[in-house]
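**Q** The following feature annotations were taken from TrEMBL:
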BINDING   B:Leu16, B:Gly17, B:Cys18, B:Gly19, B:Val20, B:Val21, B:Gly22, B:Thr23  NADP(+) binding site
BINDING   B:Lys110  NADPH binding site
BINDING   B:Glu195  L-homoserine binding site
ACT_SITE  B:Lys210  active site, proton donor
DOMAIN    B:360-444  domain 'ACT'
Number of protein chains: 2
Amino acid sequence: MPSAAESHPPLRVALLGCGVVGTQVARLLTEQADDLASRVGAPLELVGIAVRDASAPRDAAVDRSLLTEDAAGLVERADIVVEVMGGTEPARSLLLRAIEAGAAVVTANKALLAEDGPTLYKAADAAGVDIYFEAAVAGAIPIVRPVRESLAGDRVRRVLGIVNGTTNYVLDQMATTGRGLDEAVREAQDLGYAEADPTADVEGYDAAAKAAILASLAFHTRVSLDDVAREGILAVTADDVAWAAQTGHVIKLLAIAERRDGGATGEAGVSVRVHPALVPTSHPLANVRGSFNAVFVEAESAGELMFYGRGAGGAPTASAVLGDVVSAARHRVLGGKGPQESTYAELPILPPSAAVTRYQVRLDVEDRPGVLAQVAHALAEHGVSIEAVRQPTARGAADVAEPGVAELLITTHAAPESALSATVAAVAELEPVRTITSVLRVEGA
Amino acid sequence: MPSAAESHPPLRVALLGCGVVGTQVARLLTEQADDLASRVGAPLELVGIAVRDASAPRDAAVDRSLLTEDAAGLVERADIVVEVMGGTEPARSLLLRAIEAGAAVVTANKALLAEDGPTLYKAADAAGVDIYFEAAVAGAIPIVRPVRESLAGDRVRRVLGIVNGTTNYVLDQMATTGRGLDEAVREAQDLGYAEADPTADVEGYDAAAKAAILASLAFHTRVSLDDVAREGILAVTADDVAWAAQTGHVIKLLAIAERRDGGATGEAGVSVRVHPALVPTSHPLANVRGSFNAVFVEAESAGELMFYGRGAGGAPTASAVLGDVVSAARHRVLGGKGPQESTYAELPILPPSAAVTRYQVRLDVEDRPGVLAQVAHALAEHGVSIEAVRQPTARGAADVAEPGVAELLITTHAAPESALSATVAAVAELEPVRTITSVLRVEGA
């Protein structure tokens, strides 16, 4: 370490929030104090922990004398403000206040960033202070730094992320045990992997917030939660999961951000969406099990990259927060500034109907000659090209056919979502078609 | 971008070397010029490309007017020097000259860093300039930045890396096709995945260099190539691979760096080694196929992380180089400096005999009662505890037994390498033991 750094006065760290993550951040700041001081070149001093109720019970790792209910006062006497309280307010106001007061800020708040990140980035840029948020996307997995910095000389084409551990656990359980969705969700709740109210997870809101942040980073474009087409896992059945396995796929809830260069199949821009998708079992994302997260990135020169790890939990998230604290602190000691959220590209956000992907459509039809030709004709009329049709004789786990009814499994070539919707509607109207059992997108193939 | 940056004069980039990687770096600097200028806040100007023979044929992407044979002169007129020539000399002298002249340096040279990285780090630190080397470990995979920065607030316990694509391809082919090593190596050569002289890959030298760099980064300790215990894949047989599959493993050449806290099983320090190992098929590293690389990191708070991607190749390596160039260039424009290679921890390097791991020992014994007890007794005498013994009836792909000879497969609990070596020697001396067929370490379980 340079000698100038050794004599640097302590850096004052303020912690906003003392829940599962905040408690771990407080613990690590104490336990790792010596290592952190060596890496930063100055001691890090935790000067206060803002909480709603200072008299509530706390983990023994938390020094109660640091608790305060005056968050606004706290941020004004800190060099680095760490926000792990969650929610948009008062988090946003407190961070803006910290930035105005000249503090660097570190946040794990995906909801706030997905809703209003650009306001914070602009404020930090204007004030010349750092804003870091590695913990806001995929928990402990370093993904913000690699995308912002390591890939700064490359061009990202596509990001596919398993960014919600709860739904990944549920889908994984369905695949390995054959259970239905409700049962798997209940089990996840019993094990503490899912909240009592699992809406944010199973309906894809959590994944959508992360998709917005990932898309903003990857494409240097302002993407907010409202720009993300969102579909959760509630419609995924045990039958879908069994069928996926039979065709060499697993079903994953994916956060997808992709750059479209335009041309014959549509306009140029960025498509951002969250939905369940069939992923080939040979794809690296297919092996991401249980509550783990992973982000798969395709870049023009780097090719395929994947980042894998714990997407949630107190200690893993605190690890990411502390990495950011060290970066911000080093800048205080040695000068310099982290990369800002440059949004110079500002690509247009494409509507959900413009997404282009492959589909697997499963339908029950009358079991007589000519039906397949009729269905194929309907697809062709809408410009949707068929890659494969399967008409299985035995249905394995999905064996529920009535006599006289056959099941068809159609995999299409890439087609725009709008064409597919129109096609499915037309096919459903065909006389020999009893029911469209499921329509699933295929990604990563 | 801040307005100060917009009017920043161009940054002069010198390129040392114009092979597979250098050509791609030159191409990307031209093709991505606008994006790079936006991200940096100043244009990047390639001012020269140092080559041994300026008259040799070059890819059309290379502007021949930039070629020079005067590398020493070139580095003195650059703000950023990019070294992709490889080898220790003249690369080291040129980089030291660049650093002394005040240039930031970016290198992809794993051999140089593994042999003498600390000299370069110290020189860069003294001169107050950046040194970046993301491309030197695992090619396009961002691993240096995550370990140095994202995990700066955490404590790494262990790094397991598949860091050599050639050997991974060879072992993968052996596993999927049942081929022997020689045949798989020849195929890799035909496909261009292996050099005509594959020594650096198959004997583990390349992986060992990367292990040294990874260990230095992860443990803030000076580790050089000589500190790495190295064993290549030449002893791995088709039989080993078939046996691995039968017991739920795959064989991977791993670069391993782990921190040992000492205690009952040995002294504290860092163990760094490269050897083939049995990896359970459920482990994320087991699914790393073909010529891909991956680095698996276990950290105290973050838990398990994995970074996956292309470990070699012109464009992937160039992507990593350019990410570093952007980081260094941003510091020139906006002030600041990248993290230096702090080696404050300086943990002792443990000798190879101190490595503690589990083993799978395969041996041919006389097929009569009491032999198993005799072998088990020999292990117990050396303090090696048995986790499982298998005496398979049918040997599948490995079916080569003579009559009267049985095969035993012993998996041990974790034991120090020294104890295991002594044990194996003792077992080999036992009267009913015909031959020790293989001894393989088990990792990641």
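Using N, Cα and C of the backbone, Cβ positions are placed for all residues, glycine too.
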**Q** How many whole Å apart are the CA atoms of B:Glu195 (L-homoserine binding site) and B:Leu16 (NADP(+) binding site)?
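**A** Each residue's Cα considered, B:Glu195 (L-homoserine binding site) and B:Leu16 (NADP(+) binding site) end up 23 Å apart.
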**Q** Please report the number of other Cβ atoms within 10 Å of the Cβ of B:Lys210 (active site, proton donor).
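**A** Around B:Lys210 (active site, proton donor), other Cβ atoms within 10 Å: 29.
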**Q** Given the binding-site residues B:Gly19, B:Gly22, which one's Cβ is surrounded by the fewest other Cβ atoms within 10 Å?
**A** B:Gly19
**Q** Ten-angstrom check, please: count other Cβ atoms within 10 Å of the Cβ of B:Gly17 (NADP(+) binding site), all chains counted.
**A** 25
**Q** Fewest other CB within 10 angstroms, which one of the binding-site residues B:Leu16, B:Cys18, B:Val20, B:Val21?
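**A** If we count Cβ atoms within 10 Å for the binding-site residues B:Leu16, B:Cys18, B:Val20, B:Val21, the smallest count is at B:Val20.
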**Q** Determine, from DSSP, whether the residue listed as 'active site, proton donor' sits in helix, strand or coil.
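**A** SS state of the residue listed as 'active site, proton donor' = helix.
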**Q** With Cβ-Cβ distance below 8 Å and at least 6 positions apart along the chain, what are the contacts of the residue listed as 'NADPH binding site'? List them in sequence order.
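**A** In sequence order, B:Ala136, B:Val137, B:Asp206, B:Ala209, B:Lys210, B:Ile213 meet the Cβ cut-off.
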**Q** Among the binding-site residues B:Thr23, B:Glu195, which residue has its Cβ surrounded by the fewest other Cβ atoms within 10 Å?
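**A** Comparing Cβ neighbours within 10 Å for the binding-site residues B:Thr23, B:Glu195, B:Glu195 has the fewest.
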**Q** Starting from the Cβ centroid of B:Leu16, B:Gly17, B:Cys18, B:Gly19, B:Val20, B:Val21, B:Gly22, B:Thr23, which together make up the recorded NADP(+) site, report each further residue of the same chain whose Cβ lies within 8 Å of that point, ordered by sequence.
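**A** Nearby residues not in the site list: B:Leu15, B:Gln24, B:Val25, B:Ala26, B:Val84, B:Met85.
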**Q** Please work out the mean pLDDT for the residues of the domain 'ACT' (B:360-444).
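**A** Within the domain 'ACT' (B:360-444), the model's average pLDDT equals 85.
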**Q** Tally the residues of the domain 'ACT' (B:360-444) by DSSP class, grouping H, G and I as helix, E and B as strand, and everything else as coil.
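**A** The composition, in the requested order, is 27 helix, 32 strand, 26 coil.
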